[in-house]
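Taken from TrEMBL, the feature region 'Disordered' applies to 1-23. Residues or ranges marked as transmembrane segment by TrEMBL: 34-59, 66-89, 101-128, 149-166, 186-214, 226-252, 264-283. Positions annotated as domain 'G-protein coupled receptors family 1 profile' by TrEMBL: 49-280.
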Amino acid sequence: MGESNVTSFAVEGPTNASTGRNASAGDVREELPAVLWVIMSISPLGFVENGVLLWFLCFRMRRNPFTVYITHLSIADISLLFCIFILTVDYALGYELLSGYYYTIVTLSVTFLFGYNTGLYLLTAISVERCLSVLYPIWYRCHRPKHQSALVCALLWALSCLVTAMEYALCIDSERQSYSQSHCRAVIIFIAILSFLVFTPLMVLSSAVLVVKIRRNTWASHSSKLYLVIAVTIAIFLTFAMPMRVLYLLFYEYWSTFGSLHDISLLFSTINSSANPFIYFFVGSSRKKRFKESLKVVLTRAFKDETQSRRQEDSGNLSTTETVV
């Protein structure tokens, strides 16, 4: 399992990476793959972008059910980008940065997976909820629990924590080999089923239904920016982030075959997490006023929830009717 334990970032795996740190600490790698230079360039930019986005969502904008999900998604992306940047720099410096701190490396690596898993689950929740808002608009406007988004996010963070902990304990931690390889295979099968037979199909199916319904629905077509944000974000995730999870599960058993794709998978995941703020900006900005409007105006337009506005209008009309009666 030593060669397949890939989440210490180094191509050698945690066990061999630990040996490499002791042998080569202080020696900067002379031939660093170009892919890693790209990762070290993109990840800080994505970290800053998501940090600015998070600040606006938390302190400058009015919340709606959708922005609650985006806030949590930004936190997941920030954690992923921070970890991958530190791990890449450490690898580039020949493990000098975190030399001797094996469990620091493991913690960062596990946090990276934790952020990735959470992002997958949150995007599925976003897609499913928007689909329900189109299929059942009356229920969404009148009967949807007020704190449903926060509750769903909490449950998904807990699920991600459980899945990541299982993967770490049974497949990653090379210091403890008390579990057999069969336990790791069971975890891999469980994660594969959860990711590719539960969450991904839900995400794709709900997105497809959403697109079809919107194209046939007049009022939804006038508020398509929110739905365009969802569609583009999911498309980017499926294109860039999903291959990483496929490869990581294969790495545990077939590292010698797929190990060469490790750096590419990390680059794709970095691009995915860094691209989301760009998507929100370009979808929310006006073509004629691009780069001239304030970021708050652009983000408000991108995240505007027409169904929530209608729900508030209905509540106001109901209150007025009750007062008259």
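Counting begins at 1 with the first residue displayed.
Cβ from N, Cα, C; glycine included.
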### Message
Should anything in the same chain at least six residues away from the transmembrane segment (264-283) have a Cβ under 8 Å from its Cβ atoms, list it; otherwise answer none.
### Response
9, 35, 38-39, 42-43, 45-46, 49-50, 52-53, 70, 73-74, 77, 80-81, 84, 88, 115-116, 119, 225, 228-229, 232-233, 236-237, 239-241, 243-244, 247-248, 290, 295, 298-299, 302-303
### Message
Return the average pLDDT for the domain 'G-protein coupled receptors family 1 profile' (49-280) as a whole number.
### Response
87
### Task
Count the CB pairs under 8 A between the transmembrane segment (186-214) and each of 34-59, 66-89, 101-128, 149-166, then give me the winner.
101-128
### Query
In terms of Cβ proximity under 8 Å, which residues at least six beyond the ends of the transmembrane segment (101-128) contact it?
7-9, 14, 17-18, 21, 66, 69-70, 72-73, 76-80, 83-84, 86-87, 90, 152-153, 156-157, 159-161, 163-164, 167-168, 172-173, 175, 195, 199-200, 202-203, 206-207, 210, 230, 233-234, 237, 241, 244-245, 248, 269, 272-273
